[in-house]
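All remarks here apply to the structure that follows.
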C-alpha cells in the first residue's frame, strides 16, 4: 500500500519537449535538498531514469516479467535500482511497437511496486508519463488517483501549448473522481518570442501558474551526453541553480487547482496575440507560400 503522506506527482508533456530531462534534473535537485524520491518511468522508451543511473536504459518491469513468465516471479531489487542521491528508479516499460497496449506496463508496474513495499520511507513518488496522451493506460496515474499533482512541461511553441491544453482537459476529466490537481506549467524554453509572457498567459487561462521558466542552455546537452543530470555534472552552473529553484517551488507548492482548458479558437487567438500565428485576414494569403514570398 501507499503511505498517504507521500506526495505523488507526475510530469506530462508533448513528446520531445524535454520532459524526462526536466523531471530528472528537477528531482535530482529535490534529492539534494534531502527529499526521499522514487521515479516510476511510464514511457516505453525507458529513458526516465537514465541520467540518475548513468545508463542507456534501465531494464523494465514488463521486460523482466516476460522473461520470467509473470510479474509475480520478480523480486523488487531486480526492477528498482538506486541512482543519484539515493533516488529509487523503476521503469515500467511496454510491448513492442504496434503490439498490445503500452499503458499496460504502467498498471502492472505500479501494482507490483505497491504489493512489494516499494513506497515505504518516501517523500515523493514521480511518474514520468509518455507524451501528449492522457487516455487509456497512460492516464492510469491520474485515473486511479496515484498521481495527485500534475506538472506539464511545455514551451512557447504551438504544438507544445496544444498538448498542454489537452493534458489539462484530461486532468479535468478525473479531478472530481480521483482528486488529481494541476500543480503548474513548467516552461522548458525554446527561445521563442515573448515565451515567458505567453506561457504566463496560458497558465492564467488554464487556472494555474507558470511555476518556473527553465532557460535554454547547452550545458543540459553536455550533461546528457555523459548520462548525468546538470546538478551532478556541473553543480555550480547557472542551469543547476534553475533546477534547484524549480525543485524548491515544487516542494513548497500549495497552489493545486482544477484546470480550465480552453477551446482551440481561444488558443489560436492567444497565439495570434503573441505573433506565433497570423490572424485570419492574412492566413489565406500565406498558406503554401515560402518565407520570401510573405515578406
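From the backbone N, Cα and C atoms, a Cβ is placed for every residue, glycine too.
Features of the protein shown, as given by Swiss-Prot:
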{"type": "BINDING", "residues": "13, 14, 15, 16, 17, 18, 19, 20", "note": "ATP binding site"}
{"type": "BINDING", "residues": "101, 135", "note": "[4Fe-4S] cluster binding site"}
{"type": "MOD_RES", "residues": "104", "note": "ADP-ribosylarginine"}
DSSP, reduced to three states, assigns residue 13 (ATP binding site) to strand
Across all protein chains shown, the one of the binding-site residues 14, 19 with the most other Cβ atoms within 10 Å of its Cβ is 19
Reduced DSSP state (H/G/I helix, E/B strand, rest coil) at residue 20 (ATP binding site) is helix
Row residue 15 (ATP binding site), column other C-beta within 10 angstroms, all chains, value 14
Ordered by sequence, the long-range same-chain Cβ contacts of residue 20 (ATP binding site) under 8 Å (at least 6 apart) are 11, 41, 43, 47, 48, 128
Residue 17 (ATP binding site), Cβ-centred 10 Å count of other Cβ atoms over all protein chains shown, is 25
By the 10 Å Cβ-neighbour count, the most surrounded of the binding-site residues 13, 16, 18 is 13
